[in-house]
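> Taken from TrEMBL, the feature domain 'NADH:ubiquinone oxidoreductase-like 20kDa subunit' covers 64-236. Taken from TrEMBL, the feature [4Fe-4S] cluster 1 binding site applies to Cys64, Cys67, Cys175, Cys224. The annotation domain 'Cytochrome-c3 hydrogenase C-terminal' is assigned in TrEMBL to 266-341. Annotation comment: TrEMBL describes His268, Cys271, Cys291, Cys297 as [4Fe-4S] cluster 2 binding site. Under the heading [3Fe-4S] cluster binding site, TrEMBL lists Cys306, Cys325, Cys328. Residues or ranges marked as transmembrane segment in TrEMBL: 349-375.
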Amino acid sequence: MASEKLNIIEQFKNLDVLKMDRRTFLKAVAALGATSFVSVYGNQLASALTFSETKVLWLHGAECTGCSESALNGEKPEFADALRELNISLTYHETLLAQQGIFNDGKLVNTSDLNAEILLHDLIEAGNYILVVEGSIGNGPDGTGKICMYGGNTFKSVFEHAAKNANAIIALGTCATYGGITVTDAATKKYCDFKGVMQTEQDRNDGMLQLLKINKPCVNLPGCPSHPDWLFLTVAGILLGKLDLTDPSWLDADGRPLMFFPQDAVLHDNCPRRGYYDRGVLDKDIAQGGCLWKIGCKAPYVHSDCALRKWNDGTSLCMQAGGPCIACVEPIFPNGSMPFYEEKERVEILFGVNMGMVAAFVIGAAVVAAGVHAVRRMKKE
Ligand code: SF4
Ligand code: SF4
């Protein structure tokens, strides 16, 4: 494994990241991961971005802050180093802001003239920033947005103000991209009416941007949480001019970068437990060490590079740690992938909740692939 990594680094280390065409850049970020990308191209990044500081405003809507946690837990590069490598000024991030408020003028944030709401308002008015949105945006009840308040304002109105003045938007995590856990089927779902930035779980054209008639380029980086590499490498690509936000050909139909969410492969293809699947060693309970298909693994339907990139600085991933994939990067998560720990052989049952919509644009070729695998597996039983 280590020698495989060295070979990959060897392949890219003599290339000039600034002169790469987009195709080569996409290959490099997909193969290297953030850790090796920084070790191979760190100096080039530093010289390219020294004179072009980028402002980032990071807003939290309806969410659990897990995507911030994930970004902050990134190890190589660490979050602060990633900001430095890319010459980013994180001007607003609510979870980290309390300290900024205290130190801005020595008073506690809520008693200060420099409180968070005033600071945010001024930053938005100044414009010229990338907006990162973590969490969905509440439209309910009845279009008021009052289900999610941000200080004295609705988050819907704060998002509207910030989105209108942004140069570009990154929707981070499945709540911000498609609604995620905030649109889990419940009696209150219609009342809350949470929406992703560009789309919802059921409709690619029903995001908050469309509702507010705001036309801004947006990249979707789903995941519950999203991977720190996906964020770092996407921002690096944008800042280096390799990922053109006006040309979405590097994004899939759900707004995800194809280099991390390939449409011609599914997560199951590279699972470390794949050998067990092929030999029909299918666990019936947790902690048995075989393939997790029968206890609910949805990876045969999922497009993501989790199994190659892995988590916690390349240490492990859900299936490796014994947990079935719950399809957290797909628009149908979580309604379409529940119950999480039940085998779902037939696609119409797996995605039964929204089958008409899902069949049209979510699973595509993955269904065929998974169907073929299911037939192969059944023959072996
Ligand atoms: S079904 Fe899940 S656990 Fe089994 S091989 Fe595929 S991805 Fe791995
Ligand atoms: S393996 Fe599946 S559940 Fe785990 S992070 Fe990747 S897509 Fe999400």
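Placement of Cβ uses the backbone N, Cα and C atoms for every residue, glycine included.
Help me picture these features in the structure, burial and contacts included.
DSSP assigns Cys67 ([4Fe-4S] cluster 1 binding site) to a helix. All protein chains considered, the CB of Cys67 ([4Fe-4S] cluster 1 binding site) has 30 other CB atoms within 10 Å.
The number of other Cβ atoms within 10 Å of the Cβ belonging to Cys291 ([4Fe-4S] cluster 2 binding site), over all protein chains shown, comes to 25.
Cβ contacts within 10 Å of Cys306 ([3Fe-4S] cluster binding site), excluding its own Cβ and spanning all protein chains shown: 23.
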> Can you tell which of Cys64, Cys175, His268, Cys325 has the least company, meaning the fewest other C-beta atoms within 10 angstroms of its C-beta, among these binding-site residues?
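Relative to the other binding-site residues in Cys64, Cys175, His268, Cys325, Cys64 has the fewest Cβ atoms within 10 Å.
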> Identify, in sequence order, the residues in the chain of Cys224 ([4Fe-4S] cluster 1 binding site) that are 6 or more apart from it along the sequence and have a CB within less than 8 Å of its CB; answer 'none' if there are none.
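Residues satisfying the criterion: Gly66, Gly173, Thr174, Cys175, Gly180, Ile181, Cys328, Val329, Phe333, Pro334.
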> Of all the binding-site residues given, namely Cys64, Cys67, Cys325, which is spatially nearest to Cys297 ([4Fe-4S] cluster 2 binding site) at the Cα level?
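With Cα distances computed to Cys297 ([4Fe-4S] cluster 2 binding site), the winner among Cys64, Cys67, Cys325 is Cys325.
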> Which binding-site residues out of His268, Cys291, Cys306 lie by ligand 2, going by a Cβ under 6 Å?
Cys306
> Given a 10 Å Cβ-Cβ cut-off, pick out the one of the binding-site residues Cys271, Cys297, Cys328 that has the most other Cβ atoms nearby.
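Per the Cβ count within 10 Å, the most buried is Cys297.
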> Quick one: Cα separation, Cys271 ([4Fe-4S] cluster 2 binding site) versus Cys306 ([3Fe-4S] cluster binding site), in Å?
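Distance between the two Cα atoms comes out at 9 Å.
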